[in-house]
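Structure, as structure tokens:
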Amino acid sequence: MRRLNRKKTLNLMKELDAFPKVPESYVQTSASGGTVSLIAFTTMAFLTIMEFMVYRDTWMKYEYEVDKDFTSKLRINIDITVAMKCQYVGADVLDLAETMVASADGLAYEPVIFELSPQQREWQRMLQLIQSRLQEEHSLQDVIFKSAFRSASTALPPREDNSLQPPDACRIHGHLYVNKVAGNFHITVGKAIPHPRGHAHLAALVSHEAYNFSHRIDHLSFGELIPGIINPLDGTEKIASDHNQMFQYFITVVPTKLHTYEISAETHQFSVTERERVINHAAGSHGVSGIFMKYDISSLMVTVTEEHMPFWQFLVRLCGIIGGIFSTTGILHGIGRFIVEIICCRFRLGSYKSISVPLPDGYINNHLPLTTDNGHSQRQNTRQGGQII
């Protein structure tokens, strides 16, 4: 009884077979079919490798929402070198809420040589080259996000030579915490002092001949400091053409949450517009000599997430590639074979020509008429040895 039930089950499963097998004796192979099969298998192998590379790759997904965080502090990371001695310059921040953040809260003044060493100059040249490529190819920013913490540091390397030249510049570096409102970070002549109506700088004791606001921005960023991230002003160098010159940077800061397979951090991106002009009160160009970075906080927050293709989607795409190539090559091979057979049949029919054979008197030609090349019908009968041929 069990064997009978098993046999019935097997017979039922055979009837449900959607892929019937053709006996090998009924299968005919051909050179054209083998060529098409070879092309199909090669194409499938190539597309499978390409699809696997796409599966291994990741991409960045950008989402936008309103920034609801108004109470936290904003960190400003600064590394700027000014071509003036440290006792002549001062840096601080003044925001729209009339809150002043002095440089003593987190910035250090270090006497240095403004001229870079050969190794440092090469580092700056490479950084400026990367900046120019980032402005042309915006998709490179995704590569920088994914390589954060894995790439080399973007900080200026130390001098490799022991120069005996006395320091002629001041490196201002460190970080400050400010309110998340628009503000103005500036470097100008004289140290900042508090004032009931704002703030002021002690610039009266510095000669105008000592003014030189040529500067180099080795690093400027907002938010958490992430190694490997290149910011828009990194590597910027400006040379002043006059003693009384103002450099202005108008910055729009965008809060950014970065989530990759390597890191998860809250940082800030920013865009910048640059402007510089010579202060000449007689010509109507008013202002104060110095370096001014006016920043504003965007109300939108960007969430950047690194995503990966799911494995099931990879399998579906792979099955689509294999099945599509099999079906397409089979259809194309059938169409090509049909066209070749039609052409060959026409050549074969055109190669046969009817031959007119004279018959002796008294014999009747009872054959069906044959079509000749001239379009007429003829009967052909021959008698040899008592037989009609």
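Note that Cβ sites are derived from N, Cα and C of the backbone, with glycine treated the same way.
Database features (TrEMBL):
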DOMAIN    13-98  domain 'Endoplasmic reticulum vesicle transporter N-terminal'
DOMAIN    167-331  domain 'Endoplasmic reticulum vesicle transporter C-terminal'
REGION    370-389  region 'Disordered'
TRANSMEM  35-55  transmembrane segment
Should anything in the same chain at least six residues away from the transmembrane segment (35-55) have a Cβ under 8 Å from its Cβ atoms, list it; otherwise answer none.
309, 311, 314, 317-318, 321-322, 325-326, 329, 332-333
Over the domain 'Endoplasmic reticulum vesicle transporter N-terminal' (13-98), what is the model's mean pLDDT?
83
The domain 'Endoplasmic reticulum vesicle transporter N-terminal' (13-98), counted residue by residue under DSSP: helix, strand, coil:
35 helix, 26 strand, 25 coil
